[in-house]
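Enquirer: One structure follows; several queries about it will come next.
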Amino acid sequence: MGESSRAAELPSSPSPSPPSPRSACSPAPPLGKGTPRPAGDFPGHLTFPLLSVTLLVSFGSSMLYGYNLAVVNAPAEHIKVFYNATWSQRFGHVLGPAPLTLLYALTVSIFALGGLVGSLLVGVLVERYGRNGALSRSALLVLLAGGFMGFSRELGSPEMVIIGRSIMGLHSGICLSVVPLYLGEIAPKNLRGFLGLMPSIFICLGVFFAQVLGLPELLGKDRFWPLLLSVVVVPASLQLLLLHCFPESPRYLLIERNDICGATKALHRFLGSPDVQDVIEEMKEEQRSLSSMEMVSVWQLLRDRSVRWQTLSVAVVNAGMQLSGIDAIWFYTNTIFENAGIPTSQIPYTTMGTGAIEVIAGLIGCFTIEKVGRRPLIITGFCAMGVCSAGITISLLLQAALPWMRYVSVACVVGIIAGFCMGPAGVPFLMTAELFMQSHRPAAYIVGGSLNWLCNFTIGFIFPFLQMSAGAFCYLVFCGVCLLVALYVYLVIPETKNKTFMEISHVFATRRSILSVPACLIGMMKLDGYGTLESSSLEGSGSSLP
């Protein structure tokens, strides 16, 4: 029965070719007797190497992004005093309020500008060095940045703080795309959501650690702020030492390097099973579908009408992620709480409490994404952020007449952070990996990452001035952005939970009218296993509704 079922899957031929002897690098045959296990039924379970490499890159790369988002918040006044003192020594007078605000805003937002440059380098780095190799080499940037920021005060150079922040941004711009790309390619499809959101938890942890270390009792004092900025070298050094112990992405090895032997060994290591034939066949199927296609550039991606909805979706969710105002909340939490009337002595501890909420919300998203799916998390997150942004505006307008409204303002800040960490913090990066095939994926990460960082820079730079000019009404802009992104996701982006890359690609390929049918009703052709189209599905191709 096993042989006949195999024969039914193969195209008919006049004379079957004899089986070739299996090499040492060939995948092991299915274990046991009887009918072979159907493709796609491979039990993707969480192995120790898979969990270890996920934790390592999340700790050594993703966490540093969250840390640098929030680390300038606590020592803001100390850094401004340092800038003023240095300026006075050089030019004989102190900076006025407006130039000082401009210089500090540049210090905050240059991180995002470096991230923009880093995101543009992702395609070149992952193609030349692979996913693992790009992450290993990027850790060297952290050591360089830590040196600049750590010795800036000793050398009396504000420029070194700004340069160090820009290099940290360069590192985060690379890793913010490469980490989800790497994890998305090594994870079984039933664990892709769980492992894909693990970096977002560490981003929240990075924010929390920055808030804890920034307390006056720890590194929040004036003499310790250079150490507070440069402590990032510790996790980066750990990643640099240990990441080489884990293999490269099997999909990269097989599809882009045609290294079947290396891909097989990597799969054995990550999946913890000698039987990886099904996964290898799925990769070969994708490789065959891309055999006539080179790795596309960003310009080719933007001109490719066959993936225009995927490209637009990546652009919307990545831009919306930053234009939602979350970076304004992270960069200027202390200022927001001060405007809300929270006593100055209580602000650091209130801020630390929001960091704990971030971690809890991230854990909720990570452990529920494979049950509820990507769409509910991201839609709910953006809607919660929109409602809470409007709540901040209302509470700030009414707190003069109603003093208890200041607590509503704090609750809305917590709601924005919780809503963000539960879905929008990590799902956009996961979606970028899931919505594209191997040939388009690096270019898609460049597009999404560039927009992400460009919007990050814009918000970080203009928010202080927007707040001064529009006052409490500035949060209504973020409210509108969040609700519009949630509406777009509901109408356009399909659910990708527990689907292969080829299945997801086929959903978009069979879409006829994006506005006539909601994304949640779009049907799928029946695919066998890891993306191989069944013959019955080919006969009845088209976009069928359930």
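Glycine is treated like the rest: Cβ placed from N, Cα and C.
Got these off TrEMBL a minute ago, pasting:
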COMPBIAS  1-12  compositional bias 'Low complexity'
REGION    1-38  region 'Disordered'
TRANSMEM  46-67  transmembrane segment
DOMAIN    54-497  domain 'Major facilitator superfamily (MFS) profile'
TRANSMEM  102-126  transmembrane segment
TRANSMEM  138-156  transmembrane segment
TRANSMEM  162-182  transmembrane segment
TRANSMEM  194-212  transmembrane segment
TRANSMEM  224-243  transmembrane segment
TRANSMEM  312-332  transmembrane segment
TRANSMEM  352-370  transmembrane segment
TRANSMEM  377-398  transmembrane segment
TRANSMEM  404-431  transmembrane segment
TRANSMEM  443-466  transmembrane segment
TRANSMEM  472-493  transmembrane segment
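I'd like these features described in context: how deep, what's nearby, how far apart.
Expert: Within the chain, the transmembrane segment (46-67) has long-range Cβ neighbours (under 8 A, six or more residues past its boundaries) at 135, 138-139, 142, 168, 171-172, 175-176, 178-179, 182-183, 186-187, 191, 194-195, 198-210, 232, 235-236, 238-240, 242-243, 246, 269-272.
Summarising model confidence by region, the domain 'Major facilitator superfamily (MFS) profile' (54-497) averages a pLDDT of 85.
Sequence-distant contacts of the transmembrane segment (102-126), counting only residues of its own chain at least 6 positions beyond either end whose CB sits under 8 Å from a CB of the stretch, comprise 68-69, 72, 76, 79-80, 83, 95, 134, 137-138, 158, 161-162, 165-178, 181, 252, 295, 297-298, 327, 331, 442-443, 445-446, 449-450, 452-454, 456-457, 460-461, 464.
Sequence-distant neighbours of the transmembrane segment (138-156) (same chain, 6+ residues past either end, Cβ-Cβ under 8 Å): 60-61, 64, 82, 86, 89, 125, 163-165, 167-168, 170-171, 174-175, 178, 225-227, 229-233, 236-237, 239-240, 243.
A Cβ distance under 8 Å defines the sequence-distant neighbours of the transmembrane segment (224-243), meaning residues of its chain 6+ beyond its ends; these are 53, 56-57, 59-61, 63-64, 67-68, 71-72, 74-75, 78-79, 82, 132, 135-136, 139-140, 142-143, 145-147, 149-154, 161, 164, 168, 171, 210, 213-214, 218.
Residues of the same chain lying 6 or more positions beyond the ends of the transmembrane segment (312-332) and with a Cβ under 8 Å from any Cβ of it are 69-70, 72-73, 108, 112, 207, 378, 382, 385, 389, 413, 416-417, 420, 424-425, 427-428, 431-432, 435, 444, 447-449, 451-453, 455-456, 458-460, 463-464, 467, 475, 477-478, 481-482, 484-485, 488-489, 492-493.
If one looks beyond the transmembrane segment (377-398) by at least 6 residues along the same chain, the residues whose Cβ comes under 8 Å of a Cβ in the stretch are 317, 320, 324-326, 336, 339-340, 365, 368-369, 405-406, 408-409, 411-413, 415-416, 418-420, 422-425, 427-428, 471-473, 475-476, 478-483, 485-486, 489-490.
Sequence-distant contacts of the transmembrane segment (443-466) (same chain, six or more residues past either end, CB-CB distance under 8 Å): 101, 105-106, 108-109, 111-113, 115-116, 118-120, 122-123, 169, 173, 176-178, 181, 295-298, 300-302, 310-311, 314-315, 317-319, 321-323, 325, 327-328, 331-332, 335, 428-429, 432-433, 435-436, 474, 477.
Sequence-distant contacts of the transmembrane segment (472-493), counting only residues of its own chain at least 6 positions beyond either end whose CB sits under 8 Å from a CB of the stretch, comprise 309, 312-313, 316-317, 320, 323-325, 328, 375, 378-379, 382-383, 385-387, 389-390, 392-393, 396-397, 431, 435, 463, 466, 514-515, 518-520.
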Enquirer: Which listed range (162-182, 194-212, 404-431) shows the maximal number of Cβ pairs under 8 Å with respect to the transmembrane segment (352-370)?
Expert: 194-212
Enquirer: Where else in the chain does the transmembrane segment (404-431) make close Cβ contacts, counting only residues six or more beyond its ends and a cut-off under 8 Å?
Expert: 176-177, 179-180, 184, 192-193, 196-197, 199-201, 203-204, 313-314, 317-318, 320-321, 324-326, 329, 333, 336-337, 340-342, 350, 353-354, 357-362, 364-366, 369, 374, 377-385, 387-389, 391-392, 394-396, 398, 448, 452, 493, 496
